[in-house]
Structures are given as C-alpha cells and as structure tokens.
Amino acid sequence: MEEAAAHNGSAAGTGTGTGVGAGSPAAARPPATPEGMALAYGSLVLMALLPIFFGALRSVSCAKSKNSSEMPETITSRDAARFPIVASCTLLGLYLFFKIFSQEYINLLLSMYFFVLGILALSHTISPMMNRFFPANFPNKQYQLLFTQGSGESKEEIVNYEFDTKDLVCLALSSVVGVWYLLRKHWIANNLFGLAFSLNGVELLHLNNVSTGCILLGGLFIYDVFWVFGTNVMVTVAKSFEAPIKLVFPQDLLEKGLEADNFAMLGLGDIVIPGIFIALLLRFDISLKKNTHTYFYTSFVAYIFGLGLTIFIMHIFKHAQPALLYLVPACIGFPLLVALAKGEVTEMFSYESSAEILPHTPRLTHFPTVSGSPASLADSMQQKLSCPRRRRQQSPSAM
C-alpha cells in the first residue's frame, strides 16, 4: 500500500510489487484531513478484504469443478522458490526499459494490454452475479470459437472457446468499463479492474500445500524488503507504470468529490499473495470435515491486523514500508499458533490441496512476470480466462 498523489488515478504506485510509500510533497497540495485519510484507508482495507473473502470461497468451487476448463493453476514448491527470482529479474527489466525507452510508448502498450485482460477478468468476475438477473426465458444461445492447426490426426486445437449470449452481455458491460478506463484513467474504473484481477488471482491460483505457501510468502517477504529498502528500482518503476495494478481511494473525496486526485493506494500484490494462502487455509478447513473455518477466519483476521499495522507504522515513521514485512508474519504466524494450540500442526503441513480435492489440477508451467500485480497474474490468468467456461453449471456457492 502507499499514499501518493496522482491525476485521474495514474500516480506513483508500488504496482510491480508491494509496499507502503509516502505521497507527494506537502507543497504540491494541501495535506489530507484526518477524516479524509480515515475514509481513504478504511475504504482500501474494505476493498482488499472483498476479493480475498469471495475469491477464497470461489476457489473452493473452482477446485471441486470436474470441468477441465474450470480447473485452477497449481503453484508447487519449486514454482514458489523461483517466484521471487523471476519477479526480481522482471522488475529490473522494467526498470531498464523505462530508463532506455520512452515512458509514453511503453505505457501505451501496457494500457492496451491491460484493457483486454481487464475486460476478460471483469467479465469472468461478474458473470455469476449477472446470471441471477437474467430471466428464465432469456434467449440464451451457445457459441464456439475454434481455431485449429494442421489436418487429420495431426490437427491441433489452438483456440477452443465456448460461450453464450449471457457471456456476451457480461463482456459488453465490462467493455464499457474498459473504454472508460482507457480514455479517462478514472480511479473508479481502475478499482473495478483491480478488484477483478485480485479476485481472479485468489480464485484461480492455488498453492498445493502449506509448505509451498510458506516458501512463497517467505521469498516475497525478502523480495519486498530488499526492493523497497535496498534500492530505488521499485519506486522508479511504480512511478512510471500506469496500469490498474493497484487499488486507489482519494483522501480529498470529501472536498473534491469524484474529481479528487490525492490518492491513498494499495498494491494488488498485498492482496493476491496473502489471499491465495488464506484461500488454501479455507480448503484445509474443509478437508478437516469439522464444519468450522477456524484457520480461514484466523488468517483473515491476521490479514486485517497486518494491514492495519502497515498503515500505522507508515504514519509513525513517515517512510515507505513494504507491506509484506507485516502481512507475511501475521498471515503465517497466527494460523500456526492456532494449529499448535489445537495439536494440528502435522495435519496442516501434510495437507495436499491437489491430492485432496484437485486430483487432476495442472501444474503451473509458466511464471507470472511481476509478483502480486495483474502483470504478475497475466500469463497464468490469461489462459484460464480465455478457456471454455460453462458457468451455468457452477454451484451458487461460487459466490
């Protein structure tokens, strides 16, 4: 998370990573009022909790789906160990790109990329909700987009996308938001895309066990601390990177309304990375068959505590803070203490999500490019969002 000033929501941000940073100098604009700051940070915390909570619930339905197109991507311990290294290389590569090439042209390409990906993510997010509003006699027709290569026995499917009229309606609504974001870069459109990216990330990216989660969070803990405290690379990229890779909320909303431009920000990495670990603990709770969600609620409360502590430390020391510095110990430590108290540490670390309810889950064979942001989820999500989906067969519990 970070506090920064921007015009139309395209400000400096920790978009390619995570963390908390100071905003623009006081001379540039009047300082935010206590009421405005409380509203902004309270709204950011609430927006962060929504995709984690609902994404975790949808991850359970996604995991139980027998449709291969609905299967999530599984992150193994090997993937988790490589994640911070790949993310660091990508972050440094972006830094060099912004130093060598024109920032304007790079952001134009990024805007077009996230325009397409954001529409797909938002359409996938709102589809289960929109299905409840369609009347029973809605003329819903099925369509299929199929591209193949070769012929005969050597024929290979390149694209096989099945959709229906309801999907087209959701896609059209999402496209309106996409055009709005592309033309105005408005903070509300930015948040709609950011929430969609976060929810899809928590739903579709699954850790195979708790040990993998600890490796991933521990590695990104070091990654976040190093790139925030050790260099100016993350800050430079964040200030240059214009994309819906953060949630924003204006601190001067009470004074300027929807045209406010002094934003508090929360990087999506601070949502998705802890979120996929929290979703894993929810699936672990279900595997215990005790009709309780103790570890899920414990980790959920731990996330709130860690995020609140991040905001508090930032305002006490008036210095940029890597949010995972506080979120990782809280999200791992709290559930572990509960497991110790209940004598279930062995069960926790022996639980295999892929073996328990994901017998045929494909392994994550390609890595996200930047940790914690939509760019980081692009490679792993794009295939899922473009795969055939029959959402009408989903259980209502998906939401």
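Every residue, even glycine, has its Cβ placed from backbone N, Cα and C.
Bear in mind that TrEMBL entries carry predicted annotations, made automatically and left uncurated.
For the ranges 1-29, 349-377, the feature annotated in TrEMBL as region 'Disordered' maps to 1-29. At the 8 Å Cβ threshold, with sequence separation of at least 6, the transmembrane segment (323-341) comes into contact with the transmembrane segment (263-282) through 3 or more pairs. Only residues 6 or more beyond the boundaries of the transmembrane segment (294-317), in the same chain, are considered here, and those with a CB under 8 A from a CB of the stretch are 1, 3, 20, 22, 41, 45, 48-49, 52-53, 56, 270, 274, 277-278, 281-282, 284-285, 323, 325-331, 333-335, 338-339, 342, 348.
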